[in-house]
Amino acid sequence: MARQALRSTLWLLPSILLCFPFCLPLSGQHVTELPGVLHCGLQSFQFAVNLSLEAESPVLTTWDSQGLPHRLKNDSDCGTWVMDSPDGFLVLEASYSGCYVTLEGSHYIMTVGVQEADVAGHVAGTRQRLLTCPLALQGKAPDTPNAKVCSPVPVKERLPCASSTISRGDCEELGCCYSSEEEGADSCYYGNTVTSHCTKEGHFSIAVSRDVTSPPLRLDSLRLGFRNITTGCDPVMKTSTFVLFQFPLTSCGTTQRITGDQAMYENELVAIRDVQAWGRSSITRDSNFRLRVSCTYSIHSIMSPVNMQVWTLPPPLPKTQPGPLSLELQIAQDKNYSSYYGTDAYPLVKFLQDPIYVEVSILHRTDPSLSLLLEQCWATPGSNPFHQPQWPILVKGCPYAGDNYQTKRIPVQKASDVFPSHHQRFSISTFSFMSAGREKQVLGGQVYLHCSASVCQPAGMPSCTVICPASRRRRKSELYFDNSTSISSKGPVILLQATKDPAVMLHKHSGTHADSPTLWVMGLSASMVITGVLVVSYLATRKQR
């Protein structure tokens with residue numbers, strides 16, 4: 001029984017250790033998945049993450065088998081290396097035999113995370129990722145290029161990958177395309193991708209197609225050794241479609257790292273983007289391209305490369321993606337929309353018929369093809385958008401025609417920090433709700449503003465444009481307001497009725513409730529007292545004389 005219990009404990013131990021990073025350091029914190037690109041090498045993890053999307057001062061962290069956090073840094077004793085890139089990406093490499101990697105069955109596992117801090121500097125949450133790589137990667141051959149990579153290359157644009165006498169198997173082992181059908185053409189050639197390998201002579205060989213990016217890559221913008229540019233590192237061969245770099249392991253900014261009985265050589269291939277300035281704006285038509293390659297050799301001989309790995313720049317986040325629509329309704333302080341009232345400024349105080357400048361905008365989106373459509377806007381005396389009574393402001397995107405003081409739509413001007421199609425602006429004249437009875441009394445004197453809106457694509461097209469007035473609008477079936485989202489003002493607007501009569505203002509705001517006869521008697525009495533005092537003073541003066 002004791003042996004059986006011991007076996008059960010040993011069997012459960014990896015799972016218990018795996019649970020520590022999730023349970024101990026993160027109790028009471030909000031945990032979400034950390035996005036990034038993982039590559040499984042023969043000896044290590046390689047994980048690239050864009051920390052510019054995380055907190056202001058992100059810290060890459062891991063947890064040991066006891067659940068204790070450790071800040072990741074360059075530490076050869078623990079087998080971790082952290083490298084920054086100018087584009088904001090951080091590349092972590094962690095050896096499978098390092099301090100923070102656990103062997104779980106047939107996989108190596110490691111937990112990494114980025115801790116996020118609040119305004120006070122306290123840890124508010126963690127974005128976390130469990131890295132897993134299979135155990136058996138030795139002897140893995142390069143992927144054979146598929147037809148999509150090989151077929152589009154014209155015969156006259158082919159860049160030879162090896163001699164014409166090479167066999168199909170040896171050609172594909174280099175990661176190259178093979179074809180013996182075209183007479184006089186190179187049978188082994190590079191495909192429309194990045195092809196790299198380590199030679200027995202101790203050289204890197206890297207071929208890049210212009211079609212690996214969209215828009216196509218400017219091949220003359222590629223540079224080797226981004227951190228240490230040296231001479232003699234130009235391409236050895238170049239066509240209008242391909243460029244080929246071949247250089248020794250000890251040149252062109254290559255870095256070397258010794259781990260055990262193996263030496264790893266690394267270099268980078270970077271496209272320098274052409275940025276043109278005009279006024280206060282800068283533009284570029286070049287793609288973002290960054291490539292890191294490594295060759296691993298035995299320190300006893302370079303005749304047999306152990307491993308070749310390539311890390312490309314992680315793809316950018318999509319500009320268009322499904323998700324909740326976040327809107328904001330703000331009231332501007334002036335007609336130029338130069339500033340807005342904050343939450344602490346509510347309730348706002350306005351006089352009847354004064355303009356209120358309203359803006360509804362999309363939050364957390366940077367896609368210029370999105371267009372914000374306002375469907376309905378209305379006012380209620382309470383914060384509940386379904387509260388009664390309601391007064392329409394916009395109906396199907398157009399000012400409500402039944403109002404004597406019609407709402408005015410205000411165009412959004414282009415600005416460096418504003419997508420015009422993400423904003424809708426209008427001004428309204430303030431009003432008060434009246435009771436439904438014959439006396440028509442003012443109800444409460446405050447209103448809340450509400451709008452329902454949706455997003456349309458592409459911006460600027462007739463199908464995404466509201467035309468007013470109704471007589472000029474397209475047929476009803478041509479414009480849809482599906483899946484609309486509602487938004488309300490941050491607080492109420494208190495409406496006052498202005499008056500220019502000081503007597504009325506005095507009567508309204510005085511603390512007495514006396515009626516007119518009482519005021520008349522009090523005034524007469526005061527006059528008689530003042531007259532009596534004056535007469536007595538006059539008689540006393542004459543008597544002294």
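Placement of Cβ uses the backbone N, Cα and C atoms for every residue, glycine included.
Predicted, not measured: the structure shown is a model, and the values here were computed from it.
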Of the candidates CYS252, CYS295, CYS377, the one sharing a disulfide with CYS451 in Swiss-Prot: CYS377
Non-local residues, at least 6 beyond the ends, that sit with Cβ under 8 Å of the domain 'P-type' (148-192): 141-142, 207, 209, 211-212, 237, 239-242, 244
Neighbouring C-beta atoms (10 Å sphere around the C-beta of CYS377 (disulfide bond)): 25
All-chain count of other Cβ atoms within 10 Å of CYS451 (disulfide bond): 24
ASN74 (N-linked glycosylation site) to ASN50 (N-linked glycosylation site) - Cα separation in whole Å: 18
Glycosylation sites (ASN50, ASN74, ASN336), the one with most neighbouring Cβ atoms at 10 Å: ASN50
Distance from ASN50 (N-linked glycosylation site) back to CYS451 (disulfide bond), taken between C-alpha atoms, in Å: 36
Rounded distance in angstrom between the Cα atoms of CYS377 (disulfide bond) and ASN336 (N-linked glycosylation site): 21
Structural state census, the domain 'P-type' (148-192) (DSSP three-state): 12 helix, 5 strand, 28 coil
